[in-house]
Amino acid sequence: MSDKVIIFDTTLRDGEQSPGASMTKDEKVRIARQLERLKVDVIEAGFAASSEGDFQAISAVAAAVKDSIVCSLARANDKDITRAADALQATNAKRIHAFLATSPLHMAVKLRMSPEEVLEQAKRSIRFACNLASDIEFSAEDGYRSEMDFLCRVVEAVINEGASTINIPDTVGYATPELYGEFIKTLRTRVPNSDKAVWSVHCHNDLGMAVANSLAGVKIGGARQIECTINGLGERAGNTALEEIVMSLRTRKDYFDMVCGIDATQIVPASKLVSQITGFIVQPNKAVVGANAFAHTSGIHQDGILKNRDTYEIMRAEDVGWSANKIVLGKLSGRNAFKQRLQELGITVEAEADLNVAFTRFKALADQKSEIFDEDIIAIMSDSAAAEEGEHYKFISLSQHSETGERPKSRVTFRMGDREISSEAEGNGPVDASLNAIEGIAKSGAEQLLYSVNAITSGTQSQGEVTVRLAKGGRIVNGVGTDPDIIAASAKAYLSALNKLHDPSQAKLNAQMTP
């Protein structure tokens, strides 16, 4: 019988550490619900001690999720661990994930603690955590660069104190597959009580080997939990990509002889949702979830596919959630057809009032473009959910004028608090003019780090999805806006980013590197 691999998703915590990928409480809940539909075993919802916003988001996820374990990260101290436990009160399936650095470099430079002090703190923190929850994970931060003898002592000690999962991260993405697998194997062999805990791997992608290292940790090392994120989202070069792990285990079951409980048909919906919320576009050639992942342009390849799909495809697009439904909705489509498509996309609308709002937005978009695709519907639902969050800034309308040889002018009407404001400005282009009009009133003083446009579907009728990244006071936020009018989408994206800057609960604790 095949071994079970636990899928631990940290999109909402480690994935959110990507510059600009900060998510609101409601956005985290929406992603968590999709992760639950994906049948993820453990959802790491955040770092409770890092901010009041993260604490509230973890609490909301804990209340919303019913079928997955909900986890909070914590540094290995009583204050952080208590905060994590408090945030998880709404769920009976909770995990506290405590971490402490164990490499010589981190202990000396960052912690300024001796190895013996680190060992005692690790033991003390796990002992304390076990009084607050029964499911405790310990991460040896920068574990792969730790000295083997010392790491064995720490791991043995925390298992004795009650840790049920031991995570050995490659925090800086330094490992290579065979060496990492052997490292985990050696640890499990040398730690006397290694059979009392589940061993976990957490790899970063700095050298492009996060997925390979994680799989080696399982195949060679004997780990049975993989920590990963949707789309490989994460700081620096990212984390292990969940979709690649799941489909590797599934497609090469003959080699790995392991299974996971993931519903693979929910992979693409999860990928699209995370991309839309964070504003991080999935590269077209990204494995499994990229737009070109199942595209064949070579004539020889196309001929082979037409004769037998197995000639050039090792998995089917529909297996990972690419829609095979060719029925396109339009302005004549009714409410039932719209509701049915939502169900097919795995989108749950609990209240009739929310469905009515979404359907109204659908009809408004259908008046602007003749065909509504799945990607359009996902964007509609994202906009509807954002509107429910009680934004401080809210787009109302826009008009602009431009002629060759003249500076474009734009007039933007938006709501700021309880006031409706119209503002005019000029700029180097219609987008610049529109954002200048908003900034002239908002006076945020934020630095614009990124402006990007992505067509949601193909063709000139496609909605534009605009991402604006702003920085202020050490915080970096992304705003996303969609509209068939690129100028309007740009204004919406800018206002979306301003909303995140305006919310003080979203300010993060800039404490230290995490696993």
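Using the three backbone atoms N, Cα and C, a Cβ is placed for every residue, glycine included.
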(message) With HIS202, HIS204, ASN239 listed by Swiss-Prot as Mn(2+)-binding, which of these, ASP14, ASP26, ASP418, is given for the same site?
(response) ASP14
(request) Would you mind pulling the DSSP three-state label for HIS204 (Mn(2+) binding site)? (result) strand
(message) Neighbours of the Mn(2+) site ASP14, HIS202, HIS204, ASN239: Cβ within 8 Å of the Cβ centroid, same chain, sequence order.
(response) THR10, PRO169, THR171, CYS203, ASN205, ALA210, GLU227, CYS228, THR229, GLY234, GLY238, THR240, PRO515
(request) Select the most exposed residue of HIS202, HIS204, where exposure means the fewest other Cβ atoms within 10 Å, treating these as the binding-site residues. (result) HIS204
(request) Please work out the helix, strand and coil residue numbers for the region 'Regulatory domain' (394-515) from the DSSP assignment. (result) 33 helix, 51 strand, 38 coil
(message) Let me make sure I understand the structure: which of the binding-site residues listed (ASP14, ASN239) has the fewest other Cβ atoms within 10 A of its Cβ?
(response) ASP14
